[in-house]
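Taking it in order: structure first as structure tokens, then the write-up.
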Amino acid sequence: MRLALGLSYRGGAYRGWQSQPDGLTVQDRVEEALARFADRPVRTVCAGRTDAGVHALNQVVHLDTEIEREPFSWVRGTNRYLPPDIAVQWCRPVDAAFHARNSARGRRYAYLLLESPVRPAIEAGAVGWVFRPLDATPMREAAAHLIGEHDFSAFRSAECQAASPVKNLRRIEIVRCGAYWRFEFEASAFLHHMVRNLMGCLLAVGQGVRAPQWLAEVLAAGDRRRAAPTFAPDGLYFLGPQYDANLDLPERTPAFDWLP
């Protein structure tokens, strides 16, 4: 039997999603908790591998098991063994052909940013921070140059293992909520560090360091050295994958209502 689970987590204490020999990853903690609940080893496949310090609101994983339990038993039972900064939000039985990563038709990220003369304290680790004022108009103008199918080589990390740098960036939404900004990105898939590299560039435009057209020039050049430095991971949230509606899998969790 194949199950799909939705997870929320704070990534600050972990070295990303993917399992590592030292065990200090979200996947390691999740699989340890699942194994304790199921009383046998459990392996998971995720929709999107988040980096160190990056959070998730609706990370989706699938697993195969012979254990027959009610879906919510998997939620409550696994959460019993998880640390406070990781929680299973939902569980659904799925067809054996379902694949958390390969079945996704898109993915969404949000970056939560504080604009303030003083660094965050209560929100430390949960938001990015800038102290120089931002202007939404040039940032939105710059973002428009990125929409569509492009070679995003200028925004991938040197460690990126993606077979192709060509991705379809469908939407960038920039919203201000008081002292906070929310940048939302939707694409077919993302390259390693792509959102954080885009954030660095958009902020350079928003602070008047660069003109909006500069981002189009960086994109066309395909040279990472032409772009801004990679921005901090603190405010980056994997909102989750998007699947065909007939799968009837949740695309929201309660944590979505926490974001401004």
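Each position is counted from 1, following the chain as shown.
Positions of Cβ are set from backbone N, Cα and C atoms, glycine also.
The feature active site, nucleophile is assigned by Swiss-Prot to D51. According to Swiss-Prot, the feature substrate binding site maps to Y109.
Taking all protein chains in view, 19 other C-beta atoms sit within 10 angstroms of the C-beta of the residue listed as 'active site, nucleophile'. Taking the Cβ of the residue listed as 'substrate binding site' as reference, residues of its chain lying under 8 Å away and at least six apart in sequence are, in sequence order, E184, F185, F190, V195, L236, Y237, F238, L239.
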